[in-house]
Amino acid sequence: MNATVPSAAPADLPAHRPATAVILAAGMGTRMKSDRPKVMHPLAGQPMLRYLLDNAASVFDRIVVVVGPGMEQVAALAAPHAVVVQQDRLGTAHAAAQAADLFGTGDVAVLYGDNPLITADSMRRMLACRAGEGNSEGAGLALMAMRPRDPGRYGRVVTQDGLVRRIVEWADASDEERAITLCNAGVLCAGAEDFRRWLGAVRNDNAQGEYYLGDVVAMAVAEGRQVRAVEAPEDELRGINSRAELAEAEACVQRRLRAAALDGGATLVAPETVFLAADTVLEPDVLVQPHVVFGPGVTVRRGAEIRAFSHLEGCVVGPGALIGPYARLRPGSDVGAAAHVGNFVELKATTLGAGAKANHLSYLGDATIGPATNIGAGTITCNYDGVFKHRTDIGAGCFVGSNAILVAPVSIGDGALVAAGSVITQDVLPDAMALGRARQTNKDGRGASLQAALRRKKEQG
């Protein structure tokens, strides 16, 4: 008989059985060596707690988040869900007990904010196990377990005849028990009434003087209740307690995001070199070359191409547009259909119209550039006067020559031409030509005589 409930298709929960998720998020994470609460550290551009909140919200009727004192940032992220404060950090059972008044009358699952990658499917399977779906009867207690590649010092789940008999910590395990590959992930689910009673009975007579949630497993077994393990992949149940583990979790999230992008019809030429944010949208037929970074808030429309070594955040790339290589799109930028943003071009809060091109070595900030306009190499918008930002508006079908400096606020009308090397400080009318540079003067023989004088000076020391 299998000792665990296998990873299977998700089961629907009975409509009459309410379920509450209690998320423990009070830990500061001393091993992270950070002033930031552990659950606020980002994975793929968003706080790790956000993943758990979003998945739990799709499964549970109610979510309660347990935070520590002074963790207003975490409480704000948890909104609109209920938040309770664990004034003294006295262990996981003590933390869960702070939410006991909000357990309700159905099932309660205790999740961990620093274990953010558990999927909604696994949460549903745990609740289904507790409710008895797929079994002859429900479990008095269901717990999540995994088979990590390196079991290391994880607590081992000891089973007999398909039921959990006990959790044994690595330090207390015999050689036979240490050989067990099924490990405890700490996530538990039980009926609200049972959970309240068990939490109230947990004692702190241990070396750390803390109240451990895992003790309720032994209580359930002692009462003769069925305790079952629901197995999930290690990547879902990994905890994050250090910067190294944060990096491992980031790699896991990136694998998920890349797989989703590929399944959605985007091409990633070298997926392992592309880094996505949790909210990155890549429409079908998007092509992403190697070594591209997507920050939060990026949408790339169908058929666009993002070339190598480009960095995008907070922007929209239109259908068929071409970005890079070595381009940077900053927040507030919107690149129109079939527009080009070339190598070493930076856009910030700039709209580039359909078919417009900025192919080389430009900075375009706080600007609106009309359709089919060409921006020459080296053009910049001078948008900042040291205190305020100012806008540059360039119409449709314009030609801005190379090395032009556009001093905002300034407007260039449709069809206008700006000569190369110009400094533009005044508005340019439609179809006009603007020339803002000093007239060239040639002095015959002056170059040779000047160089000769300089060489003599160098020889004289």
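Placement of Cβ uses the backbone N, Cα and C atoms for every residue, glycine included.
Look at Swiss-Prot and you will find His360 tagged as active site, proton acceptor. Residues near His360 (active site, proton acceptor) in space but far in sequence (CB under 8 A, at least 6 apart, same chain), listed by position: Gly342, Asn343, Phe344, Val345, Gly376, Ala377, Gly378.
Feature annotation from Swiss-Prot assigns UDP-N-acetyl-alpha-D-glucosamine binding site to 24-27, Lys38, Gln86, 91-92, 112-114, Gly155, Glu169, Asn184, Asn241, Arg330, Lys348, Tyr363, Asn374; the stated evidence is sequence analysis. In sequence order, Gly29, Arg31, Met32, Lys38, Asp114 are the residues near Asn241 (Mg(2+) binding site), counting only same-chain partners six or more apart with C-beta under 8 A.
Asn241 (Mg(2+) binding site) carries neither a helix nor a strand DSSP state and counts as coil. According to Swiss-Prot, the Mg(2+) binding site annotation covers Asp114, Asn241, on the basis of sequence analysis.
Residues annotated as region 'Pyrophosphorylase' in Swiss-Prot: 1-243. On the 0 to 100 pLDDT scale, the model's mean across the region 'Pyrophosphorylase' (1-243) is 90.
Per Swiss-Prot, the feature region 'Linker' maps to 244-264.
Marked as region 'N-acetyltransferase' by Swiss-Prot on the basis of sequence analysis: 265-461.
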Task = Measuring CB to CB from Glu169 (UDP-N-acetyl-alpha-D-glucosamine binding site), give everything in the same chain under 8 Å that is also at least six residues away in sequence.
result = Gly155
Inquiry  = Please list, in sequence order, the residues in the chain of Arg330 (UDP-N-acetyl-alpha-D-glucosamine binding site) that are at least six apart in sequence and whose C-beta is under 8 Å away from its C-beta.
reply    = Glu313, Gly314, Cys315, Glu346, Leu347, Lys348, Ala349
Task = Name the secondary structure element type, per DSSP in three states, that contains Arg330 (UDP-N-acetyl-alpha-D-glucosamine binding site).
result = coil
Message = Using a 10 Å radius around its CB, how many other CB atoms surround Leu24 (UDP-N-acetyl-alpha-D-glucosamine binding site)?
response = 24
Note = Around the Cβ of Asp114 (Mg(2+) binding site), other Cβ atoms found within 10 Å total 23
Request  = Run through the Cβ atoms and count how many others sit within 10 Å of the one on Gly27 (UDP-N-acetyl-alpha-D-glucosamine binding site).
outcome  = 22
